[in-house]
Each structure stands twice: as structure tokens, then as C-alpha cells.
Number of protein chains: 2
Amino acid sequence: MKKVVKFGGSSLASAMQFEKVGNIIRADKSRKYVVPSAPGKRNDKDEKVTDLLYQCYDAAEAGKSYKSILEKIKERYMEIISGLSLNMSLDEEFNVIEKNFLEKAGRDYAASRGEYLNSLIMAEYLGFEFIDAAEVIFFDEDGNFEADLTDQVLSERLNKAETAVIPGFYGSKHDGTIKTFSRGGSDVTGSVVAKAIHADMYENWTDVSGVLVADPRIIKDPEVIETITYRELRELAYMGASVLHEDAIFPVRKEGIPINIRNTNKPEDKGTLIVESTCRQPRYTITGIAGKKGFCSINIEKAMMNAEVGFGRKVLEVFEKYGISFEHMPSGIDTMTVFVHQSEFVEFEQSVIAGIHRAVEPDFVEMESDLALVAVVGRGMKATRGTAGRIFSALAHSRVNVKMIDQGSSELNIIIGVRNSDFEEAIKAIYDIFITTEV
Amino acid sequence: MKKVVKFGGSSLASAMQFEKVGNIIRADKSRKYVVPSAPGKRNDKDEKVTDLLYQCYDAAEAGKSYKSILEKIKERYMEIISGLSLNMSLDEEFNVIEKNFLEKAGRDYAASRGEYLNSLIMAEYLGFEFIDAAEVIFFDEDGNFEADLTDQVLSERLNKAETAVIPGFYGSKHDGTIKTFSRGGSDVTGSVVAKAIHADMYENWTDVSGVLVADPRIIKDPEVIETITYRELRELAYMGASVLHEDAIFPVRKEGIPINIRNTNKPEDKGTLIVESTCRQPRYTITGIAGKKGFCSINIEKAMMNAEVGFGRKVLEVFEKYGISFEHMPSGIDTMTVFVHQSEFVEFEQSVIAGIHRAVEPDFVEMESDLALVAVVGRGMKATRGTAGRIFSALAHSRVNVKMIDQGSSELNIIIGVRNSDFEEAIKAIYDIFITTEV
């Protein structure tokens, strides 16, 4: 049994947090491979070490004084080291970092030091081997992650290590330059490590007890999802639920390795299990609700449109010309509505409308802005008749005007368009009818 | 006040029906312009004169004996003439028709004689002027209706006639050849006549008391729609409700002339008023329900599809290549489903699937056949929250599995995909919840 355990920044923000992490790792012998993030915030007013590193680099680059920021970073680590009563010094490391800063090793190098240093401390604290991510995780010259090469090298290297700490977030190009994943990329490192050693589980430790059914900024203390499929998670994430880095799914999904989202501050909670598929009946009919504001709809009407082969294609071509991806395209009879991101669309609005007129000669084109999309996601919906009825009755009861409904034959989700101003109310209504009522 | 009155075949199938029509016309002095169809069926086992004419022509064309069929046709008219005690003979007309048959005046010519002869009788019976449609309704060399020329000539001609009978269904090309509209085209003639004289009303007299809320083959004695907009009618007609010839809407719609569907056998019924728009609140939340069987869905899944600009366009291009028009294209996250007519699709099925694989490299493509689409149409839906909730609750209660939902921002209709086998049940459930329950 081998588990990869990744800890987020808030789980490693202080010596006290390190101790919690240590207890978690020691409580289960199968937790052999540890992927730390850089120290996060200790409280609301605190700064993340990664942010400090970027500040420090930018100051050095601009020829400004960076010493005080570097000192602040060093203090963060010293506090952890002394808090854990470790017998180690990072002086030499900081000398190298400062030297590299001045030699312009790059912004990614700077940013990566947060994970690098935290992993050195973690390895010392746990008595695990330290493996620098720069030696086992690779990017090509254009900065694209090289999955196959990484898997091969990482796999060979980890097979020689009984236990190890591998810093998250970064790797290296072939010339040795440090390159990072996008922000939150330690999730990806954990996933890549899990794939390489064929882990039985990838535990992703954070400061929440799992994936929530709905956004806690809208629903007070929402329920935690017990089990979610990759597919469902992707849908919720796409619609705005922030859980894992998007690219963290693919490596483990390919290998069928489940991900367990856990809470470092509440290790007794079982968290959320993310799986490829499961026979387990979901606890509620729906798995989760997510949504985003800021869409607009372009409603195109033309008599006898349905008889015109190529109509839809021509309309989409206009959007494509301006690099605008459409989110949904519900169609009635002689009408077709295209939902797009308002921010992407607004610049090209008039060009797109003119283009549509030229392309398909519509009877008229109407736009509506400030719309939101809400996705109700759940594998349980397929087995349960009446889900749509409950959703729309609940929305009507909450006086939410439904502007759009889109449900394909996958039956895994229903997408609902509402006004931005009805967004929170819509999510509350759906949450209440499926979760509060079913509890 | 000027009304154009068009009578369908069953309204003119016998002398008795002619008398009803005569009473209707005489009851309202504004019913000045009459457009008759050919005599229809007098009972279930009867034949329509137009069908007999086609048979007769085909026999003559094939060098077979046609005399007995022509005799049968003549008898139908003689029966009407004698039943109405008219002092007129069609012998000369039938001699000309037979001669033209042998000289191959064409199939359209043959078919048009049903309306032509019926109109001669009607003009005689009413004491109205007879105006041959061949002299006032025009088609170009390719057989396309010439709206502008027709409107001009017809308008001038009708302004000289206080009252007139104009045969439905046909007109002529510039070389004098007779050309018909497609079957049911007398509706179009009536509409063109109404436009030309700027009628206040286009009355379309049939054997039903108006447009029905649902198909009477599925719902026993469905309610009649009191007022319907052109738009709603088009939507119901597109989804299978058969009322008026599709092309009959445009001429009057352009002029804002309302159409009144009436029942010759129940002239006391007010029928259905078809209007451009109306402030009149609809009697029920929904105006009508229609639907069609025989669709199939192609469900395309690909991870991160939503991030690919051009994905939808590329998929539609494949369908377009094979001349297949799509009906609906609901999309989720990383999935997109295309609904097409099974009959159009089945021949190209494998080519389309292969084309999709080449065009967008999907993770997988799945098909489902034997699906039906149901359209719930109604301008009242926009003002009434909860319509969707009621529809889907009713469907769930009737154990109908909803495969697809499509509602754009027009809010005039909701399209629902169900299995063919659930089609009738779905319509019943929706009819019951909105009509039976609201009565």
C-alpha cells in the first residue's frame, strides 16, 4: 500500500501546522511520498511565501532593494525550524538563492524556492529522503510539461526511495532552468508522483474537509461531498467550484488512482473521495451545484431557420473568427441562442452581430447581458426521475426567472441560465430542495 | 370590411356542404372573396377529387384507360350541381380537360382542375365573379412563386371585382403552363388573395373548430386554441401539428392580417384566431403541445472540450457535409449532443461518426435512437414562473424519462426529448397538468 500525500500551503504555514502534518503522516505507514507546498497564510492578514518570493524577485529585477523581503521569507522558515526544534540551517540555501536572484535565474526559479525550502525542512522533520523536483519533473523548451519523460525518470528515482519528500509546483527544462506549473500546481506534482509510483491513493490535504456541495460564500456550512467522480468534479470545477488544480486530475485518472481531499486541521473527517466511477449510491440526488456569473446571450431569430442546413455552423463560425468560445447553444424553432462569456464577447460585440447578419441574414438578433449559469451536477440524477421537476419548482418558488435550460442526453447535469441578480438565490433554492430537505 | 374566405375540400365535398358554405358566406356581407378547394371526401371511404385527377392523369400518361376515372370525377361535380339545382353544364369544360390531358398539359394542370371546376360552380351558386387563378397567380420558369408580380396583378384585378371566386392551389408560369403549389396549397392562395386586397380577415374554413391544443389522436377531444400568434403556430406546425400550409402564413403575416380557422360544420364556433401579436392573455399558460418521433442523438464527449474554440463548429460541419440538419444541440461540460432526424441520419451514420472522430478527436461518441421531441409552446410561459417545474414534475409523475431539455432565452417554448415509446404519455401528462387541471 503506497499513498502520496500532498499538503497545501495553509497546512504548512507554521511549525504547529507542520506538527499536524507530521502526525498525519506517521499515523499511516503507507503515506510514503510527501509533496509539500510553500508556507501559506497563518492568518487572514498574513502573506503567502510564494507571493513574497514574487515580490522579492520583482524588486531585485527592478534594481530595487529586495533584502528586507528576503529576510521576511527567511524568518518564516526559521520560525518553522525552531518551532520544530530541528537542527538545521538554511543559511547556505539562502546564499545560493540570493546569488541566483542577482544572476537572474528567472521568476519561476524564485517562485519555486518556497516549495523547495519547505520540502527540505519536511524531509529533515520526517527523516525522509529529499528529492529535488528539478531532477525528476521536466518541461520542454516551450514550457510544456513532458508527461512521459517525467513519468519514466520519476518512476525510476522513486523506486529507489522507500520514503521521500518531493517539492510541489516546479520542475526543470532540459537546460536546467526552473519552470513552474501554473499557480496551485503542487496539486499537479502530487498527481504526477502518484502516477509514477502507481500509488493506491493520492491524498490531497487542505484546510477544508473535502469538496463542498455548494460555494460556502453562498451557502452557510454546505455539506461535504462524500464521493464524486472525476467527471462530476470536472463539471463543478469548470463551473467555478475551486478544489484541485485542473491539470491534477489527468495523471491519476489515467491510472485509476482515487484522490482523497482531506482536512489537515480535522484529520478525523473522511473528506471527499474522487474516483473514476463508483457503484456507491450518492448520498443525495445531486452531487454538487456550481455556477458562474458574467455571461451574455445572443438570441438569433429567422423564419424557417430549421430548414437551413448549415445555419448553426455559420453562426458559430462568426464567434470563432473572434476567438470567442460559446458555452451553450440552446435552440428552439427558428431561434437559436448562443451563450458566451461577457468579458470575452464585449470587445467584439458589434463585429460579431454584423458578422451574424452577413452570414445568415437573421430576422433579428437580440442580446441580453448579465446572465449567470448554474450547473446542477450528479450521477444520481440519471436514476432519479423528477430531478428537473424539483429544480424548476424550487426556482419558481424562489421567484427565480429561468432564462435558459440545457440538458443533454448524458443526464449528468442540467445547466440553467438565470440573471446575475438571481444567481445566489437560485443556488440556495436548489441546495435547499436537494440537501436541506433530504438531510 | 373585406374578408377572404377559403374553404377546404371537406367543406365542399357535396351539395349539402356547398349549402353550408353558401349560408356562411351570405351571413356576412364582408365575405367577398372566396377561395375554394377541390371536393374532398364525403366519408371515410370516399376519394378526394384531386387524388382522382392524379390517377386519371397518370393513367392517360401511361396510355391506359382513364375514361372511367374521368367519368367518376364528372359525376362528383354533377351531383353537386344537381343537388344545388344549378342551371349549368360542365360538358364543355370536361371536353377541354380531356383534350388537354391527351395533349399532355402536365400533371399540375390535371391536379388544378379540381379547384377550377369547383370554383366555377361556387361562382355560379353565389352569383360571384369567377377569376381564374391562372390569370392572377404567377410562378417563374423554375416553378417558384412570384410574390411581387402576383400581388400587383391580383390586386388590380380584384379591385375591379366587388365579389369573386378564385380557385385555390394553382397559378401559371409565364408560358401559360399551369403550376400548383404543393399539396394543401389552397391555403396559400387564400393568403395571397387576402394580402392583395388588404383584407381585414382571412377566414380559413375547415372541418375542425380551430387549432387544437394537442393532437386529437393522442388526446381525446382536445381544447381548441382561442388565440395563437403566427410564431406559436409556426412552432407547433414545425413540431408536427398540421393546420395550415406552411407557406400560407407569410403573405398575411407581412400585412398583419389575422387568420381565423373556422369549422364549416359548426359555424357557431369562434374557431382560432391567428395573429401577429396580442395583448389578450392566453386562456392557459401553454398555447399548445406538439411533437414528433424518429430522432436520434449523437453524444460527443471530450475532456476539456469547452476550452476548444471551434469545437461545435467542426462537429456541425461534419453533419452539414452529409446534408443533415440538426434539430438541437444541447451541451454540458465536455459533452455535446446533436439531435437529428433518424431518417436523414441513418444512411450516413457511420460516415458522420468517422467524420466526427477525424474532425475533433473525441474521447467517445455514443448514439441513441428512437427518440421523440415534444415542444411545449406558449407566449404565456414568459409571464408565468414555474412552467418548467410543472412540466417536469408531471413527466416524472407519469414515469417519463426526460432525455433532453432545451429552452433558449426566447422563453416561448421548451423542447423535451423523450423515448419514442414515452411520446404519447409525455403529451398526455403535459396536457393534463396545464389544460385538464386548469379547466
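Here the Cβ of each residue, glycine as well, is placed from N, Cα and C on the backbone.
TrEMBL: automatically predicted annotations, no manual curation.
Positions annotated as ATP binding site by TrEMBL: A:LYS6, A:PHE7, A:GLY8, A:GLY9, A:THR206, A:ASP207, A:ARG217. Cβ environment of A:ARG217 (ATP binding site): no same-chain residue six or more positions apart lies under 8 Å away.
Its Cβ placed at the centre, A:GLU115 (substrate binding site) has 30 other Cβ atoms within 10 Å. Look at A:GLU115 (substrate binding site): DSSP puts it in a helix. Sequence annotations record features per position, and here TrEMBL assigns substrate binding site to A:THR50, A:GLU115.
Under the heading domain 'ACT', TrEMBL lists A:376-439.
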*Cβ atoms near A:THR206 (ATP binding site) (within 10 Å, other residues, all chains)*: 23
*For the ATP site as recorded (A:LYS6, A:PHE7, A:GLY8, A:GLY9, A:THR206, A:ASP207, A:ARG217), determine the largest distance between any two Cα atoms, in Å, rounded to the nearest integer.*
25
*Ten-angstrom check, please: count other Cβ atoms within 10 Å of the Cβ of A:ASP207 (ATP binding site), all chains counted.*
16
*Quick one: pull the CA-CA distance for A:THR206 (ATP binding site) versus A:GLU115 (substrate binding site), whole Å only.*
15
*asked:* Could you check which of the binding-site residues A:LYS6, A:GLY8, A:GLY9 is the closest Cα neighbour of A:THR50 (substrate binding site)?
replied: A:GLY9
*Taking the Cα atoms as reference points, how far is A:GLU115 (substrate binding site) from A:LYS6 (ATP binding site) in Å?*
12
*the domain 'ACT' (A:376-439), counted residue by residue under DSSP: helix, strand, coil*: 31 helix, 13 strand, 20 coil
